[in-house]
């Protein structure tokens, strides 16, 4: 993939954010969002490559062929808007009211993509390479997006030295927090199958409910850990319990529950899955039925250790915002969990307080300030690593 010569072009991050928001790319739809982005990147001298898996559009773009390769990762897909009528401005109109940009994706995370593109436009000459890894499958099942692109790039021998993910990591003020790691996540669907019968004749039935209660009690009784350096304690939550029984005189045939564990690096997903399966087997001993657990690991816990890379980011954010960010591992999962397989990864973006909400919005000056922070990051990065 040969990059055209870098071109000096000025890009307004707010205008590009508006152009992206006007593409109604509700996951898994693309709605032309990738085309909009690709045109801008090609104008800046990037060699762009579409990587489609299933029905999902992904884009890998690179300017330069040498190392180090600094990558920006993000997603153009967005969550559904909910009730259109509840919005102050149309969710895909990208309207600016009193200095605030409204629209689905304004925070999560089309404005961050636009800000990094604008930053790159202001640094036309740099050593090494700059790349973009953009997916249309982050808000959905996340099976044909970043994870597949990472696997393909690794198989081809593509080297990414460091990555910035533009998720909205700031808590209250732009630049007050960056994420250097994330907890892992595992979901378990637990099913206990018994035998339906009349409550007056329990000997003719096999009640799955007490078995499910025993399983859930055992899972909740265990203290998974007391925390891990840089991480809060791992946590298990019961998210659903269902027997599908509306009668008061019927023992149900089956009982189901779902649990989620957010875990720190003290655990591996496979070990937690084995533990859940073991508790199911233990509770079902002597029961005239079966208890099973279907476990799915969404991602393992990871940490990018503080060092030269995080120092560059902290300095750049401080330069642009006047505040030194907290290095955090809080929050949910992101595509950083896949990128960690390629290189050290850190997340930094806008304040996330309105993401996924009606009236998702961001002050336009914060979009421009984020572009300035990204530009400072790019310059500091190549000064440190090239």
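Cβ from N, Cα, C; glycine included.
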Of 35, 108, 125, residue recorded by Swiss-Prot at the Zn(2+) 1 site of 75, 167: 108
Other CB atoms, at most 10 A from the CB of residue 139 (Zn(2+) 2 binding site): 22
Collapsed DSSP category at residue 138 (active site, proton acceptor): coil
DSSP three-state assignment (helix, strand or coil) for residue 75 (Zn(2+) 1 binding site): strand
Recorded positions near residue 75 (Zn(2+) 1 binding site), in sequence order, restricted to 138, 139, 356 and a 10 Å Cα cut-off: 138, 139
Residue 167 (Zn(2+) 1 binding site) and residue 139 (Zn(2+) 2 binding site), Cα-Cα, nearest whole angstrom: 12
C-alpha spacing of residue 138 (active site, proton acceptor) relative to residue 167 (Zn(2+) 1 binding site), in angstrom: 11
